[in-house]
Amino acid sequence: MEVGGPYRTQVALGRASPGGMPLLLLPLLLSLYRAEEEVLMNTKLETSDLRWMNYPADDQQWDEVSGFDDDSNSVRTLQICTPSSPSSYWLRTRWIPRQTATTLYVELRFTMMECAGLNQRHCKETFNLYYYQSDSDEATPTYPPWMENPYTKVATIAADHLLRRDIERRDGERRTNLKLLRIQALRGAGLYLAFQSQGTCMALLAVRVFYRKCPPIRRNFAFFPETIPHSLVEQAQGVCVENAMTPPGEPSKTPSMLCGEDGQWVGQPASSCVCRPGYEAGDGDMRCRACPSGHFKGSSGSTGCTSCPANSNTLIPGSAYCPCLPGYDRADSDPPHAACTRPPSAPRLPVSQLNDTTVTLEWSEPQERGGRGDLTYTVLCSNCGPTGTSKRLASSCSQCDDSVLYRPAQFGLTQRRVNIWGLRPQTMYMFTIQSLNGISAVSQSEPASVRLNVTTSRDVPPPVSGVRRAAASETSLSLEWTVPLLQNQYQILDYELRYSQRAAEEVGQWQYVASRSSSVVLSGLQRATPYQVQVRARSQVGYGPFSSTRTFSTLPDGMSPSQLAVTSILVSMVILLLVAAAIVGVICYRRRRRRRGVTDRTGHYQMGQTMKVYIDPFTYEDPNEAVREFAKEIDASFVKIEEVIGAGEFGEVCRGRLRIPGRKENYVAIKTLKGGYTEKQRRDFLSEASIMGQFQHPNIIHLEGVITTSCPVMILTEFMENGALDSFLRMNDGQFTPIQLVGMLRGIASGVKYLSDMSFVHRDLAARNVLVNSNLVCKVSDFGLSRLMRGLDHNIPTYTASLGSKIPVRWTAPEAFQHRKFSSASDVWSFGVLMWEVMSYGERPYWDMSNQDVINAIEQDYRLPPPPDCPAPLHSLMLDCWQKDRADRPRFCDIVAALDRMIRNPVSLKVTHPELPSPSQPLLDQRVPPRLSACGSVSEWLRAIKMDRYEQNFLQAGFSSLDTVSQLNTEDLLRVGVTLAGHQKKILSSIQTLRIQKDTPTLLY
């Protein structure tokens, strides 16, 4: 088999520069990719007679002579010239061992005379090449037989260049032929080559037999040994080079690479080898070298070594990290590449403000923060005894007991201020303020601190004594105590009692109860359980110390002799209270009905025996009673405010942590009531908590509790990581599938259905009032429209009705902004607009139309068109929600069922242009697009279509004019970096508009 391709390729590489590559790089390329050849026989290197076998033995025509090659080197050649004879003349080589190769190459160099010049009828211009396999040198003059079988024919070889006798005789020109042939699938230990001539006149100048092999190579941090191919491709197994490894966490896999049959490596190796920590790539990807002194590499991979971070160094080559300098360290949470830091210096300039038995401490930031941003403070309290005694040393002070309380906290303070109360009068205290950061926990030295001595003055109430049990049952305790005697002009205002189970494992699991008299009833307790109790009194000066701990137990079953009498009395009292509440409720209901005149706006609803009743907190004479009934009071010490995330009408909105003893710590959103509020503002602020506290649904924001006994007043709700739905959708434009968006809408609809079933009308359904958590669960929030309708919010487009209230027109049903008729049906209209917001990824409803234009369009029965790529069934549901007659609108149970059907049948969401009759209501045209052809630059065009986030991408890709932009397609956008499908559609649509406007003449007025 003749092989021309690989041989000719090598010759071509030796002459030209492929692809315009500099010729200086060719030796390097050839050394990397050229196959190695293992020569088994080469007659040019023979210095003695070849002594090859001739046949027939009695008429040998092949002659071995000495001659010269083209380079004038002495070589052994074999000649034959029998143009006048038709007989076959054979020439057989010696036995050639093939070693481990299964494919051999035979290179022949020869000359041949042209038959036309010899004038012989048996003359031929070809000869044949055969081979015979054997496991040993077993050939004899007669074996194997001199015929095609058992010999295997390789090829019939013709000359490319023929010699003419007259030309050779004239100028001595000699033109040689070079042929390369391949013999495959060899199995024996060796072989013989045989040449057959029939009437040929030729000279065999050189015969070279060899095989090709892939040379040893280093690639991708792996070493592959010399490999001999035995098939079309041979897979070679390699090993990682020194100081290379498989990255942790990845499956260990032996490197492999393919060796082609032509002895060249094919493709790239399959290798997971990377340089181990402390080593980087050297010589490309051929070896891993150690990081020099002062440098490190912390993880395995292809990245390079980096300089040691601040305050660290290493003198050892190949370091995976840099040790910290003396006096510096890293926190346990710091990565190896982080700079080394040190503990902060002491706080500066401490100041105290004493108010009877309450003290406020303030201080300045340390001079040195230690190079970190996680600076916190801890306040330690020591009681040094009553005043009037001799001056005490710090060593004689003892740690303050748990009657001393701190706000916002004692440990982990981020602000430089703390309030401390519960101190004893006329007592000297020593406060130690420590500054700490992440290094303090691993530092060997004590935290830097500053001390401040404070002495309390005026008398607070003395400790309460005589705490005793007046009565007990299985689940309650009635306690009394002796009123303490005051030695000053102040009076006792009230008492604070705290209690906990005696077997409680955690310190601080106290529950607090306030009482205006010297007795209290603790209810809801466990049977036959001991409880520890402490009481303290409060006067105008402040709280006195807690009494000593007393322990009282509830009774086991059957231990109360008057249980039946007590139960009867309690049942009678409950019945009387229920009757009285019912009478008051009916009277309030009738008054509010007469005052409003519209049944849709009543606040107290009766929905049947099995449905929970929503109670309007404004029906209470004392709104604080509604807060106590529906919201849980939380101790302020359980709350830690971390950062301000927004601002509301009444104060700031913060993110914080809530840690109630016995429960897991979790994030909460905290609404605060700013200082200087009126009683009406406080009532309006807490009314939202009274509303939220009545709802328990996975798609309604959950109220954690309120703080009303201290300043500032706070409302705590669950924290939603992704914020408001409208801004969340605008930030993730085009990143969700239709079924994901429908899933969000289904959750919102389920929550509003729950509100509707409780006969609660939200009145302000909009995407801005829906919050999204980290799991993309949507929850309805903002139940304060009754407040907003009487207040003022410049951020929400509103319509001023005849009664002076403010209504968000774009989301409100026509009967609501015309006649102030709010109902569940008006919430359905608002939900339809919310659906439009979601499918348009937070687009403003009715775009830039004024409020009056929106009202006029709705009154003329115009409705919003479907957003881009909005499924047809979803827009049809929107139009149903926007029916003018509220009786024709679907209920929320119908909406939830319709969305469930879409989720179960995702194919229906792929229909965006159905073959259905046009809707009964006319649809508004979308905003007239700006005259894009008037844009003077690519930046202006991107800003006009709100895609200016890609401005740098376009400019870096070379698209600096609108003419080039107008020729872009989807593949171009991918190269630019626009990968979101929604953004691609928006830009391509604008490009199409740009082309149309460019080709359309503009009429100037």
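Even glycines carry a Cβ here, placed using N, Cα and C.
Record features, source TrEMBL:
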- 37-219: domain 'Eph LBD' (DOMAIN)
- CYS81-CYS201: disulfide bond (DISULFID)
- CYS115-CYS123: disulfide bond (DISULFID)
- 343-459: domain 'Fibronectin type-III' (DOMAIN)
- 463-557: domain 'Fibronectin type-III' (DOMAIN)
- 564-589: transmembrane segment (TRANSMEM)
- 639-916: domain 'Protein kinase' (DOMAIN)
- ILE645, GLY646, ALA647, GLY648, GLU649, PHE650, GLY651, GLU652, VAL653, LYS671: ATP binding site (BINDING)
- ASP764: active site, proton acceptor (ACT_SITE)
- 937-997: domain 'SAM' (DOMAIN)
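Where TrEMBL records a feature, it is marked here on the structure.
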residue: CYS81; record: disulfide bond; Cβ neighbours (10 Å): 17
residue: CYS115; record: disulfide bond; Cβ neighbours (10 Å): 18
residue: CYS123; record: disulfide bond; Cβ neighbours (10 Å): 21
residue: CYS201; record: disulfide bond; Cβ neighbours (10 Å): 25
residue: ILE645; record: ATP binding site; Cβ neighbours (10 Å): 14
residue: ALA647; record: ATP binding site; Cβ neighbours (10 Å): 11
residue: GLU649; record: ATP binding site; Cβ neighbours (10 Å): 16
residue: GLY651; record: ATP binding site; Cβ neighbours (10 Å): 20
residue: VAL653; record: ATP binding site; Cβ neighbours (10 Å): 16
residue: ASP764; record: active site, proton acceptor; Cβ neighbours (10 Å): 23
Around the recorded ATP site, report the further residues of that chain (criterion: Cβ within 8 Å of the mean position of the Cβ atoms of ILE645, GLY646, ALA647, GLY648, GLU649, PHE650, GLY651, GLU652, VAL653, LYS671; site residues excluded), sequence-ordered. CYS654, THR672
Please state whether DSSP places CYS123 (disulfide bond) in a helix, a strand or coil. coil
Compare the C-alpha of CYS81 (disulfide bond) with the C-alpha of each of the recorded positions CYS123, ILE645, ALA647, GLY651, ASP764, and give the closest one. CYS123
Selection from 37-219, 639-916, 937-997, the stretch that has most Cβ pairs under 8 A to the domain 'Fibronectin type-III' (463-557): 639-916
Integer Cα-Cα distance in angstrom, CYS123 (disulfide bond) to ALA647 (ATP binding site): 107
Can you tell me which recorded stretch out of 37-219, 639-916, 937-997 has the most Cβ pairs within less than 8 Å of the domain 'Fibronectin type-III' (343-459)? 639-916
For GLU649 (ATP binding site), which of the three DSSP-derived states applies: helix, strand, or coil? coil
Using C-alpha positions only, work out which of the recorded positions CYS115, CYS201, ASP764 is nearest to ALA647 (ATP binding site). ASP764
Please give the greatest C-alpha separation between any two of the ATP-binding residues ILE645, GLY646, ALA647, GLY648, GLU649, PHE650, GLY651, GLU652, VAL653, LYS671, in angstrom, as a whole number. 14
Helix, strand or coil for CYS201 (disulfide bond)? Use DSSP. strand
Recorded positions near ASP764 (active site, proton acceptor), in sequence order, restricted to CYS115, CYS201, ILE645, GLU649, GLY651, VAL653 and a 10 Å Cα cut-off: none
Summarise the domain 'Fibronectin type-III' (463-557) as counts of helix, strand and coil residues per DSSP. 0 helix, 48 strand, 47 coil
